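Asks: If you look up TrEMBL, you'll see 7-307 marked as domain 'UvrD-like helicase ATP-binding'. The feature ATP binding site is assigned by TrEMBL to Gly28, Pro29, Pro30, Gly31, Cys32, Gly33, Lys34, Thr35.
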Amino acid sequence: MSNQDLYFTAQQIEINQAPLQSKIFVEGPPGCGKTTAAVQRSLTMIASGIPAESILVLVPQRTLGLHYTNAYRQVEFMPGAEPDVVTLGGLGQRMVQLFWPLVAERAGFQQPLRPPTFLTLETAQYYLARIVFPLIEKGYFQSAVINKNRLLSQILDNLNKAAVVGFDYQQTSARLKSAYPNDPAKHTLFDQAQECAQQFRKYCLAHHLLDFSLQYEVFHRFLWGEPAVRGYLNQRYRHLIFDNVEEDVPITHDIVAQWLPELDSALLLYDQQGGYRLFLGADTLTSHSLARMCAQQIECAQSLVTSPATESLQSDLAACVLRESQSPDPQSETAVEFSYHHFFPQMIDQVAEQIASLVKDQAVPPGQIAVLSPFLSDSLRFSLVNRLQEHNIASRSHRPSRSLREEPAARCLLTWAQIAHPAWQMKPDPEEFRSALIQTLDGLDWLRAHLLGQIVYSPNRADGELGSFYQIKPPIQDRITHLQGQRYEALRAWLQAYRAGEPVALDVFLSRFFGEVLSQPGYAFHNNMEAASVAYRLVESVQKFRRGVPEAQDFPLNTGFDYLNMVNQGVFAAQYLQPYQPASDDAVLIMPAYTFLMTNHPVRVQFWLNIGSRNWWERIDQPLTHPYILSREWPSNQPWTDADDWNTNQKALERLVRGLIRRCSEKVIMTSVEIDESGQEQKGPLMQAAQSLVRRLNSLKGAEHD
Ligand SMILES: Nc1ncnc2c1ncn2[C@@H]1O[C@H](COP(=O)(O)OP(=O)(O)OP(=O)(O)O)[C@@H](O)[C@H]1O
């Protein structure tokens, strides 16, 4: 629906028609039309002669800016003369780049004349790993039962929290310890994490490297107060639209509070009951205090998404979560459905069938259906996508970060890279080799791959060469089939030729191998768009790694070894940010629940999978960090208790339930299983709340009959 087709609400008209120089704070529930009104207002401003490039649209994360970028794409702006849609981190990075000479020395960089290198998550993990792994060998982090990747990301998380909440990162351990006064084991972990963070920061300052926390800190502490920088920003931007203020972090709010009086106009949009990015430092209190800085306040009360029935369901289920005695509204019943199953696969089959019936019998567009769960495991995603495919229904799954290592296509490419570079002395085990064969030769089954692999590959072979298909005994050749044998031989010849020549950087190797072998007819990547896109992202990830590691410029070949080493140790390509594509009407969305909340895409029907799982309620265990204790609200020296855990989990579930239902216009279908994927019995708090709602609705009916 384009904006021309909408009848704007009174509040939307008020926002759109407010005088051009106004500073307005709009608040309301999600789905009351705030973003739509803001997009419209910016277009009205541009139509009235305000230069588009003087409008800054600030969002807490890129997905939340999609409505703006999509709308601006429809308008023909001159190149460079369009509104800027950015996060404060993005803006900060640009400023650091631009004003580097002004700030490098003052910020403590030891080689201020060298240009800054901005680290990605992976390159930051790489440098941090070089500090942390030797310490692990010495016995650090022994009591933390988490994998290396999570260890690294929690140390980086502490640095990020300090930067965005606004405290000295060297105080992190003291803050955490004061919340657990009687837990020496935790104290040791916090101190060790702190020591790693300190060494990492020292290394970054010595080598002009900036991870996210340092970018943010340099911008906030050293550039924001500089008259030259402020002058530049004030000349460039005169109008601010700040959407989803409640999902942003305190330092962004501080900066905006100081900036507001200097701007010509501002429109700030606040979602009530939001703050889902708490893990990343989002702070609803500091965000709401911005209301005082705006002369005009507008409240939108009416959701344009929910029906009266889903609105009631939202309030009734939230009451059950919080165990408040509230008599439900009978119409809630029409907006919810429950389905119970013994086992996980039955639940998946049933969900797929229900979706097929919604699409085929009730003409619900697939894009108006979302399947949500707290986490999206590979097996869950895989089974659901497959079941839907059997019904000819397209789906789109999105996880904000995925491990490339988990992608079979990426593992396959990296296995061949190891075989192509014997000097690295990284020999895949026979199982990895067999999987690579299955992933590579189109139509090769497990048994044939096993036969072929057993004969042609041995990790013990000193020269690392692969055996030839033609030396295999004819009856076995027949079993493997000559067609697959020829394909294997062409692959082997390619690798042999590569090994005979000068090796190239890993990303170059991967692109060539993909282009010249894997994507050719007869190989499994041919016409396989998903595998191709994984290959592309892997190449990009290696490339970014090579470019982000300055010493790699001199030794590009070592980078390949380092990269693979990190992958093998479980560090990365542990995570990459999947580009988020805006939702389309022809594919069912399959997403983690919190990711869905950040896509700004309401739907008609939601499926909540396995509501008995405690993951709907419980925070993931983070032994080295803590989102609440490291927030501004948490008083120093106040102990964190089990009751705090319980209360925050309750509050988070209530917020999640409300947030999801407020993005649903017709029905929520809640599914549960007795025994989950890992064989556990399921009866978590969301399930208990749902059961309590059923009881309350039933007793209401009982009362009616009486
Ligand atoms: N005047 C209107 N009439 C009908 N539908 C509308 C109107 N304004 C917006 N919508 C639709 O309502 C939905 C929510 O709108 P919008 O995203 O602008 O709300 P919001 O308050 O910004 O929500 P969120 O906080 O989730 O971003 C969208 O699907 C949008 O197309």
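Glycine too: its Cβ is placed from the backbone N, Cα and C atoms.
Caution: TrEMBL annotation is automatic and unverified by curators.
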Asks: Determine the Cβ neighbour count for Gly33 (ATP binding site): the number of other Cβ atoms within 10 Å of its Cβ.
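Replies: Excluding its own Cβ, the number within 10 Å is 21.
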Asks: So for Pro29 (ATP binding site), how many other CB atoms are inside 10 Å of its CB?
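Replies: By my count, 22.
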Asks: Around the Cβ of Cys32 (ATP binding site), how many other Cβ atoms lie within 10 Å? Please give the count over every shown protein chain.
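Replies: Around the Cβ of Cys32 (ATP binding site), 26 other Cβ atoms lie within 10 Å.
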Asks: With H, G and I counted as helix, E and B as strand and the rest as coil, say where DSSP puts Pro29 (ATP binding site).
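Replies: In three-state terms, Pro29 (ATP binding site) counts as coil.
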Asks: Give the sequence-ordered set of same-chain residues, not counting Gly28, Pro29, Pro30, Gly31, Cys32, Gly33, Lys34, Thr35, with Cβ within 8 Å of the centre of the Cβ atoms defining the ATP site.
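Replies: Near the ATP site, beyond Gly28, Pro29, Pro30, Gly31, Cys32, Gly33, Lys34, Thr35, sit Asp271, Cys300, Ser303, Leu304, Val305.
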Asks: Most Cβ neighbours within 10 Å: which of the binding-site residues Gly28, Pro30 is it?
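Replies: Top count of Cβ atoms within 10 Å goes to Pro30.
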Asks: Across the domain 'UvrD-like helicase ATP-binding' (7-307), what is the average pLDDT of the model, as a whole number?
Replies: 94
